Amino acid sequence: MTKWVYGFGGGAAEGRALDIEILGGKGANLAEMCTLGLPVPPGLTIVAQACGEFLKAGRCLNDALKAEVMAGIARIEALTERRFGSNDRPLLLSIRSGARASMPGMMDTVLNLGLNDETVMGLAQDAGDERFAWDSYRRFIQMYGDVVMGLGHDLFEEILEDEKARFGREQEPEMTAAEWRSVVARYKDVIEEETGAPFPQAPDIQLWGAIGAVFSSWLNPRAATYRMLHTISEAWGTAVNVQAMVFGNLGNSSATGVAFTRNPSTGENRLFGEFLVNAQGEDVVAGIRTPQNITEAQRIASGSEKPSLEKLMPEAFAELSAICHRLEAHYRDMQDIEFTIERGRLWMLQTRTGKRTAKAALKIAVDMAQERLISRDDAVARIDPASLDQVLHTTIDPQARRTVIGSGLPASPGAATGEIVFSSEDAVRAQKEGRDVILVRVETSPEDIHGMSAAVGILTTRGGMTSHAAVVARGMGLPCVTGAGNLRVDLRNGLLIGGGLSLKAGEIITIDGSSGQAIKGAVPMLKPELSGDFAQIMEWADAARRMRVRTNADTPADARTARAFGAEGIGLCRTEHMFFEGERINVMREMILASDEAGRRAALGKLLPMQRSDFVELFSIMHGLPVTIRLLDPPLHEFLPKAEDEIAEVAAAMGLSPRELSERIDALHEFNPMLGHRGCRLAISYPEICEMQARAIFEAAVEAARQTGAAVVPEIMVPLVGLKAELDYVKACIDAVAREIIGAAGLSIDYLVGTMIELPRAALRAHVIAESADFFSFGTNDLTQTTFGISRDDAAQFLETYLRKGIIEKDPFVQIDYDGVGELIQIAAERGRRTKNALKLGICGEHGGDPTSIRFCEERGLDYVSCSPFRVPIARLAAAQAAITVPKVA
Ligand code: ADP
Ligand code: MG
Ligand code: MG
């Protein structure tokens, strides 16, 4: 048999905090506070399960439920020594919603229920305060008329304003009993006019009307939107709390307020909140009067002249402080509470875990661990890794005013202000002149790398979260907004058009890569704070972590940033990025366009010292930490010019005619370059490329070891292997170069040769491939593409539809596909390790920085994750959380 109603009050309760799914958050915590012996007005909770039934029938058809509610009210009557509907000491009730997940302000509440033309007299007599009784009655009619009868708030507000003006009153507390009485009369008239029936006087009718309305508010559009945004299921329903009223509007020794047990924006360990004297709950939120501060410290800080609760009602304040301590000790977390003081007596009306900024979350977790309220692991587990973006990047001051001209996807976090430039060349030029620029493009391509790195932020009008601009910007730690479809780039006239404005090149804009906004002009910013609480949490996280965290770094700048963020090596160095810079692209093109091996070798000879010096620098920065270098991976035509004028320029430099060059480019054209001549296939076709890269790596290792005294262990990674024979061929080439250089240097240099696992065939044949590999690194970007048979560059268009239509829950390029790609990884890990116990396993796709995917890696026993530099702290934290919560395998 279902238990429909749970009672609470008088130091005991039938429910507890853990019953949140049955009683909703509010009901469960009211029960818990009762059990703790805190002063809570007695009440009852109708279980959330009743919600659906109510909504279907439109009223209560369930006799068992009705009987339980009436029995519960009888208990409230006994505890309060009042009677519901009686003229002698009438019991008034509040009817409050409360779902499993907190949905502040989304659903409805009715206060002061049980008042009518008779009980209002009884209330006045009992309290000895007529003004209070009529104030409560008008509040009740107004809320009931709005929430239950659906007449809207404004109808009543208009009358109230009118009456206030008529009586010459500025503030509501100035109104007399007679004046409130007049308001009540007009409220009742307007209800009768609007509905054709008088305001319901029978308390039972009022009660069931209000209960039904609170259940119905579960379906109101506000609540529905909130549920969608926070993935709350409609099936959960809301519970309903029926509770004895306590009165904050009973004269000047009464008050009502809300508080946080610690400051929710800074985390400071001090009570923080607001209250109003002689008022009821809704007044604080409604902003009718300016609320007062709870503590003196807060009052002084805010410059308010109105007395604090600490000064005004010292006894109630002391009790409130003590209760807050008690609640924190019990819940072991910062609480967000509601309270009311009735003639000096404190009542608790709600408690829940308080929302907080990322900065406050860090401070509170560290403080609580130091106060021994929670363990260090708890502190680590409490921080949302994604929220670190807020502390790692410059952000827009939340107080700042913004003139938003357009918006797109929050592709790479952080905010930046700069002049508009429309081309990479302009970006580079401006940077040389010391100016900050935002690179504004329809979309970006690999040729924009230099322009992107010269800019302080990127804004594109097309493209998704995994577009080129988004991926590269995240890698560089640059703020980026992509796909801002409501902005238009007019290249012909050099204008950025949006939000009714046309901005020229050189005008200042700000982009917010955390919200996706593009904003006119400069706005005040907040700088990141990397020491203090952040550093402390990171230290504790590192102590709890099992997996290593490396970084994907292609440049010395990336490597330095990543080291500063705590990277323990490089998990992926994409060597091709080294060939785009300055002079190098031309030598690279020379190599690609050479007609024979000799020509290629000549060009490679020029690339060798450049590549070697890059590696020396990377090895020195990493000072003995492992560095994984991937051999050239992209199809060669990516390095060739596309635009006509560029083709002419390159042709001239190479002593070819533009036609000859175009023909050569055409010859390299592929229909599906992603599945084409790339990865280890290049090294097999042109072993001299692999040779040059291996030479650069080993020569650099020798030199760095001599310079720094810390021996580097290069890990050379062969991309896109599907066959063991492919790996063997390339490995033979690497080993030959290694023997030669190490022999000549007379130094001992250890090195590993491994492969990326990014093709399903490689995963399935992992036991065979492992015979030749020292490590596997899961290239989950390509592995996702090849497993799903979709291209990341083209998938944005339909993945969005898939998400919207619920075909998939998450973008598989953002969060690893546990079931499919995940199973391939598991197969590869198991089979690989069966062949070679010590096989090192890592992941180097974009997933390496995604907390859910990192958890997957912990579950599968990988040795490390590798991610872009700015995600290293996020990965360290996520890896620690995974180690704390994932059950250890023996
Ligand atoms: P919400 O979920 O929107 O905060 P609540 O159910 O908490 O809604 O109630 C709204 C307001 O009414 C709050 O300010 C609360 O303090 C006040 N309130 C609720 N129940 C009572 C009660 N029994 N006595 C006095 N005030 C109450
Ligand atoms: Mg509330
Ligand atoms: Mg790949």
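Heads up, the Cβ atoms here are built off N, Cα and C, so glycines get one too.
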Identity of the substrate-site residue among R630, R706, R834 (reference: R574, E758, G779, T780, N781, D782, source: TrEMBL): R630
Helix, strand and coil counts within the domain 'Pyruvate phosphate dikinase AMP/ATP-binding' (21-59) (DSSP): 24 helix, 4 strand, 11 coil
R574, R630, G779, T780, N781 screened against C844 (active site, proton donor), Cα within 10 Å - retained binding-site residues: G779, T780, N781
Composition by DSSP (helix, strand, coil) of residues within the domain 'Pyruvate phosphate dikinase AMP/ATP-binding' (309-372): 35 helix, 17 strand, 12 coil
Integer average pLDDT (0 to 100) for the domain 'Pyruvate phosphate dikinase AMP/ATP-binding' (21-59): 95
Three-state secondary structure, R574 (substrate binding site) (per DSSP): strand
Position of peak Cβ density within 10 Å, selected from the binding-site residues T780, N781: T780
Collapsed DSSP category at N781 (substrate binding site): helix
Residues close to substrate site centre defined by R574, R630, E758, G779, T780, N781, D782, Cβ within 8 Å: L572, D633, P719, M756, S777, F778, L783, C844, G845
Of R574, R630, G779, C844, recorded positions neighbouring ligand 3, Cβ under 6 A: G779
